[in-house]
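**Q** This is the structure I have questions about; it appears just below.
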Amino acid sequence: MRRRNDPECTAPIKKQKKRVAELALNLSAASGDEPPSSVNHAAKASTTSLSGSDSETEGKQHGSDSFDDAFKADSLVEGTSSRYSMYNSVSQKLMAKMGFREGEGLGKYSQGRKDIVEASNQKGRRGLGLTLQGFDQELNVDWRDEPEPSACEQVSWFPECTTEIPDTQEMSDWMVVGKRKMVIEDETEFCGEELLHSVLQCKSVFDVLDGDEMRRARTRANPYEMIRGVFFLNRAAMKMANMDFVFDRMFTNPRDSCGKPLVKDREAELLYFADVCAGPGGFSEYVLWRKKWHAKGFGMTLKGPNDFKLEDFYSASSELFEPYYGEGGIDGDGDITRPENITAFRNFVLDNTDRKGVHFLMADGGFSVEGQENLQEILSKQLLLCQFLMALSVVRTGGHFICKTFDLFTPFSAGLIYLLYCCFERVCLFKPITSRPANSERYVVCKGLKVGIDDVRDYLFAVNIKLNQLHNTDSDVSLVVPLEVIKGDHEFTDYMIRSNESHCSLQIKALAKIHAFVQDTTLSEPRQAEIRKECLRLWGIPDQARVAPSSSDPKSKFFELIQGTEIDIFSYKPTLLTSKTLEKIRPVLDYRCMVSGSEQKFLIGLGKSQIYTWDGRQSDRWVKLDLKTELPRDTLLSVEIVHELKGEGKAQRKISAIHILDVLVLNGSDVREQHFNQRIQLAEKFVKAVSKPSRPDMNPIRVKEVYRLEEMEKIFVRLEMKIIKGSSGTPKLSYTGRDDRHFVPTGLYIVRTVNEPWTMGFSKSFKRKFFYNKKTKISTFDLPADSIAPFHICYYGRLFWEWGDGIRVHDSQKPQDPDKLSKEDVLSFIQTHSA
């Protein structure tokens with residue numbers, strides 16, 4: 001037996017180690033870091049030794065056969081003409097060692113595989129080996145010549161309509177009922193046939209593709225995808241932000257024909273808007289974020305999973321938005337296709353906008369058409385009509401309308417657009433960059449509702465009734481405007497065709513791009529982040545994350561809102577008005593007065609029903625208000641909680657209401673430095689914004705009626721003796737407010753609104769009031785800035801005339817106590833010193 005360390009035994013082991021070392025050298029030489037020349041050189045240098053090692057292992061001497069084999073292996077390694085030359089020398093030599101010859105398979109009889117194993121074409125989570133018939137073919141669309149992504153957008157309006165608004169007689173035979181049609185391929189009146197078929201074909205290609213795979217490719221392909229929803233509820237909010245900017249803020253800052261704003265933050269009128277078919281409410285969240293408490297929204301959408309999600313309004317105060325679901329109010333179903341819902345919503349909006357209507361209406365209706373994407377226009381025709389009808393029902397004269405549409409190929413859709421074209425000053429079809437380019441979505445934007453559109457509204461109302469009657473039948477309304485009428489307006493028709501064809505071309509390229517991005521997962525849009533920043537900057541949207549508002553305790557929020565103001569001010573009590581202090585109300589023109597119904601308190605709103613009150617004493621705590629009401633966060637008011645009464649006798653109803661005496665901070669807006677009259681005006685505006693007429697179960701919020709002191713007599717006219725429940729049938733003094741509710745008055749607050757050293761007087765020669773500075777002796781009719789008494793001056797200097805026992809302010813009361821200040825004394829003093 002040979003030992004392990006015998007020379008003959010160890011020789012093969014040494015040779016094997018030598019071959020491993022040579023192989024390592026070759027691997028090093030063939031690494032990707034070396035240039036091709038060094039790899040080839042290393043391969044040449046090692047070929048002979050590799051062949052020799054193999055021959056020694058096999059126990060063969062160098063002969064002609066082994067030389068030929070080595071030569072062939074060498075040729076395989078070095079052959080640049082070989083289709084295998086792309087592989088490094090080591091892999092080629094290993095194949096040569098196994099007897100590989102180009103064009104032949106491995107094995108004794110060359111029976112092995114001759115072709116290289118293809119790289120995997122696996123796409124995402126598809127089944128292994130699955131190919132999607134019809135999708136993997138080429139679309140033959142060059143999408144690479146699309147315009148460079150940009151934040152700048154152009155608007156193209158329809159020409160101004162010169163045709164008169166059609167009347168009832170003219171439209172009497174316009175509606176055409178025909179056989180229900182469920183094909184779109186032949187709708188070529190307002191789009192070229194080739195383009196129409198191309199876009200439908202491109203859409204159909206995606207029918208077999210998995211939704212997730214499509215969405216991933218779309219996300220990478222869309223240069224505007226990263227804009228998303230920023231800090232808003234959803235992407236819809238950013239669409240509205242996008243279009244509001246493009247259309248020169250015509251929604252959040254509407255202007256008249258001269259360019260002057262129709263509503264101003266400092267003035268009393270709110271910006272009224274409506275949002276229909278709009279759950280969960282992204283459009284409204286944007287408007288309320290932009291306008292804050294200077295806007296009031298009304299909403300109607302289908303109840304259910306896609307209802308308004310007001311609790312998710314993180315960036316705006318949902319207390320300024322009032323959902324109303326048509327017939328039945330808050331208990332309705334919100335179905336806009338039901339005529340009774342349209343009528344109920346119209347009446348509700350008009351009742352709460354002084355019969356004027358809203359400044360603008362937004363509509364973003366849509367529903368799932370999965371599996372029938374090409375028929376979306378036909379399936380949603382009634383929804384589109386009802387949204388247009390709602391605009392003509394609730395938008396005020398001069399107001400605006402924006403509504404989502406889809407494809408507009410059919411004469412039915414074109415007819416609806418034509419009616420808007422007749423009823424508004426200007427109309428356009430617009431696709432914002434925040435709307436994904438591959439979908440059929442775009443918006444019809446209408447500016448300036450004309451006078452005299454009632455007949456068109458009534459006509460569309462009748463068409464909707466007919467559509468409801470034809471449900472589940474083979475018939476349908478196919479036309480709302482005759483084709484010859486539409487085509488008779490050449491400018492309108494040309495615009496429709498141009499818009500449709502331009503939109504089709506955009507869609508085709510976008511769909512082809514997504515198709516390419518599905519097939520090649522390495523493709524991506526490099527400028528998404530850059531475009532996002534540019535758009536947000538241009539639209540005035542802060543680049544912030546969406547986070548829920550932080551909660552706070554009332555005391556901390558109070559100190560945050562008053563911003564270092566001396567807290568002792570809030571503990572001041574009013575000076576009692578008596579015979580001794582009557583002189584304090586001179587000059588009379590400097591003062592205003594309000595009827596009191598209970599103790600004054602400070603009220604803070606932290607959002608929704610998180611409302612607390614405090615009596616002003618530092619030793620006392622903020623107490624949760626036990627009333628059913630809602631206020632926007634960051635609100636601080638001076639109020640009374642008053643028990644209001646309606647009716648008399650057994651039918652008398654009692655309700656607790658919040659009466660505002662003065663305002664400090666409104667939804668984060670500090671108004672303490674403004675004039676008292678301005679603060680009261682803003683308070684009334686604020687109350688309109690937060691009031692919920694659809695919710696009679698909620699406790700009301702009202703602003704105290706303010707009287708000029710020289711007109712105090714008007715207050716006594718509103719006083720009467722009434723029997724109040726629980727008063728043993730004894731009539732009590734009652735004050736009746738503007739809303740026909742009455743309460744038991746406790747006295748009169750008298751507030752000075754002019755700051756020292758200024759005072760007010762009346763010019764007999766000019767018949768008007770003026771301001772006079774007691775120090776400088778300057779007189780002026782204009783309001784001097786330093787004459788405005790801020791909140792703390794008004795609060796500190798107020799007086800209170802208590803109407804307790806012995807004070808006779810109504811003829812039916814007990815006789816006046818001669819030791820107390822009488823009504824006659826006060827009125828006489830006012831009359832004497834107001835002349």
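Glycine too: its Cβ is placed from the backbone N, Cα and C atoms.
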**Q** Tell me which range among 2-19, 722-739, 812-829 Swiss-Prot lists as motif 'Bipartite nuclear localization signal'.
**A** 2-19
**Q** According to Swiss-Prot, Cys277, Ala278, Gly279, Pro280, Gly281, Gly282, Phe283, Asp335, Ile336 bind S-adenosyl-L-methionine; so which of Asn222, Asn234, Asn439 is the extra one listed there?
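**A** Given Cys277, Ala278, Gly279, Pro280, Gly281, Gly282, Phe283, Asp335, Ile336 bind S-adenosyl-L-methionine in Swiss-Prot, the matching entry from Asn222, Asn234, Asn439 is Asn234.
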**Q** Name the residue, out of Arg216, Arg218, that Swiss-Prot lists for the same substrate site as Lys203, Ser204, Val205, Phe206, Asp207, Asn374, Leu375, Gln376, Asn439, please.
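**A** Record source Swiss-Prot; matching candidate: Arg218.
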**Q** So of Lys108, Lys239, which of the recorded positions has the fewest other Cβ atoms within 10 Å around its own Cβ?
**A** Lys108
**Q** For the domain 'WW' (752-786), what are the same-chain contacts with Cβ under 8 Å, counting residues 6+ beyond its ends?
**A** 587, 589-592, 675-677, 793-794, 797-798, 834-835
**Q** If you count other C-beta atoms within 10 angstroms, which of the recorded positions Ser91, Asp364 is the most crowded?
**A** Asp364
**Q** According to DSSP, does Lys108 (N6-acetyllysine) sit in a helix, a strand, or coil?
**A** coil
**Q** So, three-state DSSP: helix, strand or coil for Asp364 (active site)?
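**A** For Asp364 (active site) - judged by DSSP and reduced to three states - the answer is coil.
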**Q** Over the domain 'RrmJ-type SAM-dependent 2'-O-MTase' (231-450), what is the model's average pLDDT?
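**A** In the predicted model, the domain 'RrmJ-type SAM-dependent 2'-O-MTase' (231-450) has a mean pLDDT of 96.
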**Q** Rounded to a whole number, how many Å is the Cα of Asp364 (active site) away from the Cα of Lys239 (active site)?
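**A** Pair distance, Cα basis, whole Å: 11 Å.
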**Q** Could you give the number of helix, strand and coil residues in the domain 'WW' (752-786) as assigned by DSSP?
**A** 2 helix, 16 strand, 17 coil
